[in-house]
Structure formats: structure tokens, C-alpha cells
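Reading through the C-alpha cells given below for one structure.
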Amino acid sequence: MAQNSSCRKRPNILITGTPGTGKTTTAAALAEVTELCHINVGDFANEENLTNGWDDTFDSYYINEDLVCDALENLMEEGGNIIDHHACDFFPECCFDRVVVLQTDSSVLYDRFTKRLFDCPRGYSDHKLASNTECQIFQVLLEEVKENYPDDIVIILRSDSLEDITKNVETLTSWISNWSPVV
Ligand code: ADP
Ligand code: MN
């Protein structure tokens, strides 16, 4: 448990999942309760100009992964960060003490997409709607997580309802308060 965390006083958590599963909502709520620092990677990359052109799949700028990792290195070393991002493969394994994969029932997710409630500035086209709700991305993302992180730090949480968010924030808050660095 909590490998490579000896330098950190507080844990780093990755919250990942398909767009619309509630990463930003969950991360923001968790940050408020725990006083950990919420870093929305897309926003951070945009603010710091660490982008490389447009990613049509996610309707956002391609993130320059190396530059983002470099820019976050010191903060990650210190610990106490909630990283909110739809991909997980560019952060080194040792960065995280917990990797949370949010999953939402496809019909629920479809409703969120059609209402365009999530933080995508242009909304999704029908084509993207279909491909994103096909569940494909769930599996791809989960495989990516499993390839990159040890099983014992990965947790899959349902995010269908507001009750789920409350429950997930409680689960993670209690995990954070019980976390201690490996000495
Ligand atoms: P993400 O950051 O994963 O793209 P957001 O946190 O931006 O997702 O949430 C997308 C939209 O769906 C928001 O309007 C949010 O209020 C809503 N939402 C997210 N998770 C849930 C949930 N578990 N139950 C109900 N609504 C949710
Ligand atoms: Mn988001």
C-alpha cells in the first residue's frame, strides 16, 4: 500500500473516468472537505499554455504531457493533490497513492451528454455522443489504469446519482484521513 510515498505528507489521488462521469464534481467536493488541492489537468494545461493543438475525441486541446508532468512535479512530490483527468497513462505510477475510476451507467451518461451539462465548452456532436456512450472508453480507460497502476491502489466507484457522489466523497475522505506515509 502507498508505495513510493515516503516523501509525501499527504496522499496524491487521481480521479479519472470518461467525460461526464463526475470527475470534476467529485474532485471539487473532495477538495472542499479535505483541503487537498484540486488540479483539473485540462484547465491547468490551458492556463499554463501546455497544450499541443485540438483533440477531437475529447473536444479539448491536446495536453503536452511532458510539460504538464514537469510543471506538476514539485506539487506532486509534496503530496496532497487531487488530479482530475480523463486519461491516466502519462503520470508515473509513483505519483499516486489512490487511483479512482468513476463509472456511470451508459443511459445516465447519455442523458448528461444530451443535456451538455459537463465541462466541455462546445458540447458533443452526435458522433461523439455515440462513441462516448458505447462503453468502449470505459473499458479502454480501465485497461489503461490496470496497466499503469498496481491493483491495490485502484478503486472503481459508481457515479450515477448525487447520492453516489456524496457516498464516494465520504469513502475517499475516510481513506485520506486514515492514510499515512510509508516510513
Ligand atoms: P467530468 O468532470 O467527469 O466530465 P463533471 O463533474 O463535469 O464530469 O459532471 C458532468 C455533469 O454531470 C455535471 O453537470 C454534474 O453535475 C453531473 N454529474 C456528475 N456526476 C453526477 C452524479 N453522480 N449524479 C448526478 N449528476 C452528476
Ligand atoms: Mn471535468
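Sequential numbering from 1, following the chain as shown.
Here the Cβ of each residue, glycine as well, is placed from N, Cα and C on the backbone.
TrEMBL tags one of the stretches 16-39, 40-63, 64-87 as region 'NMPbind', and that stretch is 40-63. Per-residue confidence over the region 'NMPbind' (40-63) averages 85 (mean pLDDT, predicted model). Ligand 2 lies under 6 Å from the Cβ of the following binding-site residues, listed in sequence order from LYS23, THR24, THR25: LYS23, THR24.
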